[in-house]
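Below is one structure, written out as structure tokens; comments come after it.
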Amino acid sequence: MLRWLTAGESHGPELIAVLEGLPAGVPVSLDGIREDLARRKLGYGRGSRMKFEQDELHLSGGVVQGVSIGGPVAIRIGNTEWPKWTEVMSAERTELSEKSRGRGAPLTRPRPGHADLTGMQKYGFAESRPVLERASARETAARVALGAVARAFLSELGIALVSHTVSLGTVEAPAGGPLPRPDDVAALDADPLRCFDGGTSARMVAEVDDTKKSGDTIGGIVEVLVYGLPPGLGSYVHWDRRLDSRLAGALMGIQAIKAVEVGDGFETTRRRGSEAHDALRIEDGTIVRDTGRAGGIEGGMTTGQVLRVRAGMKPIATVPHALPTVDVATGEETKAHHQRSDVSAVPAAGVVAEAMTALVIADAVTEKFGGDSVAETRRNLEAYLAAIPERLSTAREV
Ligand SMILES: Cc1cc2nc3c(=O)[nH]c(=O)nc-3n(C[C@H](O)[C@H](O)[C@H](O)COP(=O)(O)O)c2cc1C
Ligand SMILES: C=C(O[C@@H]1CC(C(=O)O)=C[C@@H](OP(=O)(O)O)[C@H]1O)C(=O)O
């Protein structure tokens, strides 16, 4: 079993992440984690903070000489914005000096679409600073760092992930086009929207420009694909062991994700049963499926086909043409707080979705195959595959 936790605020000193249950012997490189952190900052339409803030990465435990040693992996990511916030966000009671008064002014105009108002009601705050500090998607940097470690573990077992943007607002990549593969990651990261279709990407860039010009924001859909999976991760025997349920929870747990689809998802509901499933046939003595409509999951278990999940992100809630709200200090109707924000963070959400998927799959792998060292996990995986009778065998899609 893998467990993970994150802590830290958007303008606090640092984010902290812990991953417990990782077998020993997984190669973990600081550069590998840094690369994923850098990928999370990519994407046309992100706000100015992505340019001036650096992620300062520290590995504080669980990795020695570039290899995991079986203990909890502890990661710190320093917020380089911190020096501006030392008084306002101080853990100790601190009088604000003149220079911090503006920054520390109470936020009493809650932003619709954010956790602000309900968070104040729920936790008993008179202003929204303590709410937004933790609700912010700055926290996704910690999850991406954990996801990089999970991905390193999966890679040792021949399992690889890739994510891409399939739509931005109403601009959609053509349905039925070729799916990206793990070796397309560099090309996807080089694309302004992380879209696999060049023509669609150019239209997405124009859509971001148009949205920005009109003082608005935009959402979209990302897809995560996982290659090299064995059949049988997850289970049908209980709802909380179903892999689709665990993936949906993990993806829905990303800030601003409002919809999740497995395989053809909602499209499947519009089809007749004869056109909705993945029929089986024999090829060279092996069972094959010619379609991947179910997204590589049947009965809450991986089938060994490419796993395909989608997450839908709502438009950024801090709209530059600020939305109507109420000033909770005066009781008067007014406009919401707005300083800066992303026009779209859809490409970044793809990288975060990839990290969450890697963590869920790595958890399911440790559950099924165990292993205190990655060599033991690999042996158990190979023995399981070898024990599947020939008449039941399927090809593992890599
Ligand atoms: C990578 C990423 C970046 C985000 N950037 C912003 C942003 O700049 N402005 C904003 O209003 N919301 C942003 N969000 C979304 C908010 O954090 C989120 O909508 C808010 O916390 C309320 O949570 P909910 O939408 O899940 O209900 C971002 C989300 C992600 C995943
Ligand atoms: C800092 C990050 O994203 C932030 C997520 C976010 C939100 O409301 O979720 C709002 C913005 O923060 P700020 O208002 O300070 O500019 C984003 O920049 C990050 O992704 O590293």
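Keep in mind that glycine also has a Cβ here, set from the backbone N, Cα and C atoms.
Here the structure is a predicted model, which means the values were calculated and not measured.
TrEMBL has this to say about the protein:
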BINDING   Arg40, Arg46  NADP(+) binding site
REGION    94-118  region 'Disordered'
BINDING   Arg134, Ala135, Ser136, Gln255, Ala256, Gly299, Lys314, Pro315, Ile316, Ala317, Thr318, Arg340  FMN binding site
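Here the features listed in TrEMBL are placed on the structure.
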residue: Arg40; record: NADP(+) binding site; DSSP class: helix
residue: Arg46; record: NADP(+) binding site; DSSP class: coil
residue: Arg134; record: FMN binding site; DSSP class: helix
residue: Ala256; record: FMN binding site; DSSP class: coil
residue: Lys314; record: FMN binding site; DSSP class: coil
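In terms of DSSP secondary structure, the region 'Disordered' (94-118) contains 7 helix, 0 strand, 18 coil. A Cα-Cα distance of 15 Å separates Arg40 (NADP(+) binding site) from Ser136 (FMN binding site). In the structure shown, across all protein chains, Ile316 is the one of the binding-site residues Ala256, Ile316 with the greatest number of other Cβ atoms within 10 Å.
Closeness to ligand 1 is met by Ala256, these being the binding-site residues among Arg40, Arg46, Arg134, Ala256 whose Cβ falls under 6 Å from the molecule. Across the structure, Ser136 (FMN binding site) and Arg46 (NADP(+) binding site) place their CA atoms 14 angstrom apart. The distance from the Cα of Thr318 (FMN binding site) to the Cα of Arg46 (NADP(+) binding site) comes to 13 Å. Those residues noted as binding FMN (Arg134, Ala135, Ser136, Gln255, Ala256, Gly299, Lys314, Pro315, Ile316, Ala317, Thr318, Arg340) have their most widely separated CA atoms at a distance of 44 Å.
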